[in-house]
Amino acid sequence: MSDASQIEPHWGYADRALPCTNDKGSCEYLDLVYSAHDLSMIYAGILWATIGGILVLWTVHRRLRFKESTSARFGRTARAAIQRYLLPESILSVFGRATRLQVVILLSLIGNIIIWSFVGLAYRTWITPVKGLPGVHNTRTTLGPWSDRIGVLAFALTPLSVMLANRESLLSLLTGVPYQGFNFLHRWLGYVIFAQGSLHTIGWCIIEIRLYQPQPAVAQQFVSEIYLVWGIVAMAVLTLLFLLSTPWGIRLTGYEAFRKLHYTLAMVYVGACWGHWEKLECFMMPSLIFWLLDRGLRLIRTGILHYQILPSGDVGFHTCAAEFTMFPDTENGDDPWKIGQHYFLCFPESSIWQSHPFTPFNIAQVQNGLVKHSYIIRAKGGETKNVAQICANKLVSTAHTGVRTISVILTGPYGVNAMEDFEPHSNVVCIAGGTGVSFTLPVMLSLSRSRITMKRKLRFIWIIRRERDMKWIEEELRALQQAPDITTLDISIFITGDARTKIEPTDGNRRPDTAKMIGDFLENTVCGPSVVVASCPGEMISDIRRAVAGFNSPRKVWHEQQRYDVRLICEDRLEL
């Protein structure tokens, strides 16, 4: 540094002293290190510019409403083609129940990352002398700049990973995709960052423990550096995040423990990365801001939802008194929002530390300043089992008063309007399995009550195990049966586990053929596009995706047979 005549700043890296006074090989190596880092920052900027450009185009396209013209015709045809070829699931054993579109987006992102990881590097090796130690040499290679490149890209992807995980999602606001739709990309992007962090760590361990001399003096000096200690902490936390996010890890800890550990450890990771290389705080600061905004907005929304002036005159935060009805199952033990959105419900009488997502199956209607929420809660295990037991105990203790209430704290609503892109002449078929009716029923109730005079065909399909399960929504079913004549509505209820039923039973425990039902529905429509709304177990969702993809026909849509422009809106009710 004493012989340097100038200091050259580099964004995100240590300043460089010029001119270089080391040996020729070391100077050439440092030239590569600094030029490669500068390119790394440029490539990270290009990556984010690409993501931003895609989001802008997506948002603009979403806001545009084409009139009935060649543009609209082309748009419908393109949408049918995308649904046909990209809606089915791909490589179930690797990606789970992800659509081809999700896999294509992921592979495109990974492809870009791989390209930016290797371009702009000169792949060379230098053997350079060690000052003060005659006959001792360092081996300098492109492994160092490449490891730095991997680290920079991992830092650059961290804000995106946080955004993909946010419940208060900016991405949902821009694209209209519900926040759950980004879970697949968030999970796999986390795997990518873990791989990058591992390669970065391995690369520098090889350099400092093997290529640099003399050993073990260099390695001992290396492990004593503060930035390295923070790097070890960051990698340890990232490894823990990776292990806990696997299906095995989630089953081991339980979902609630996994969720709280995940977002807490994520911020520990961000802090450790900041300590490891504070000059790249330009990536860590947005990550922290996105995380704090998500947590803060959740608290604010919950407070606004519950902070009100009550009829008693009290003002402040109050839990809701939710009326419940018990449906015992001794055989199996499975006892103002927009349609399609859901709330997270916390039951303080059971645990203040847990909340679970539930979709209201009623339509939001304000009466005397209050809105009624109706939920179906399937008690299986853990928190829902505890809540069911509390309700059962209260039924016994309050039998003489008839009062059936339990304290509830609601957070939400979350998700997007499932009917936002419905057209006035859209034909709609709703398919639900069990408690999935909470997602499809409000859609059908809203459509059946619509005052739009245009004829369209509606079909409501509900698949349940036992006939008595119809009591869950018996009032709403009666309302559907009283739909006005301007709408053609067909209601089908399939019973899979009660051979004595007379209501369209299936053979044994087999589920009905959803592909055939969708095909029959399309054949009976006259005009207008078609929409399939589904909330079922994973296997049924897979079947429905394949069916909808197969019924989309770009050729027929181009020839103005709009019923073969089939959209799928689904709520994945998958178990880990």
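Just so you know, glycine gets a Cβ as well, placed from its N, Cα and C.
For 41-60 (among others), the entry in TrEMBL reads transmembrane segment. The list of residues near the transmembrane segment (41-60) in space but at least 6 beyond its ends in sequence, with Cβ under 8 angstroms from a Cβ of it, reads 11-12, 112-113, 116, 119-120, 149, 152-153, 155-156, 160, 171, 174-175, 283.
The annotation transmembrane segment is assigned in TrEMBL to 103-126 (among others).
TrEMBL lists 151-273 with the feature domain 'Ferric oxidoreductase'.
For the transmembrane segment (188-207), the list of distant contacts is 95, 106, 109-110, 113, 141, 143-144, 146-148, 150-151, 153-154, 157-158, 160-161, 164, 231, 234-235, 238-239, 241-242, 245: same-chain residues at least six beyond its ends, Cβ to Cβ under 8 Å. TrEMBL lists 188-207 (among others) with the feature transmembrane segment.
For 227-249 (among others), the entry in TrEMBL reads transmembrane segment. Under 8 Å from some Cβ of the transmembrane segment (227-249) lie the Cβ atoms of residues 187, 190-191, 193-194, 197-198, 201, 258, 261-262, 265-266, 268-269, 272-273, 275-277, 576, all in the same chain and six or more residues away from its ends.
Positions annotated as domain 'FAD-binding 8' by TrEMBL: 335-417. Over the domain 'FAD-binding 8' (335-417), the average per-residue pLDDT in this prediction is 82.
Residue counts for the domain 'Ferric reductase NAD binding' (425-499) under DSSP, helix first, then strand, then coil, are 31 helix, 23 strand, 21 coil. Residues annotated as domain 'Ferric reductase NAD binding' in TrEMBL: 425-499.
Cβ atoms under 8 Å from those of the transmembrane segment (103-126) belong to residues 25-26, 28-29, 32, 35-36, 39-40, 43-44, 46-47, 50, 86, 90-91, 95, 139-142, 145-146, 149-150, 153, 157, 184-185, 188-189, 192, 196 of the same chain, restricted to positions at least 6 beyond its ends.
Helix first, then strand, then coil: DSSP counts for the domain 'FAD-binding 8' (335-417) stand at 16 helix, 22 strand, 45 coil.
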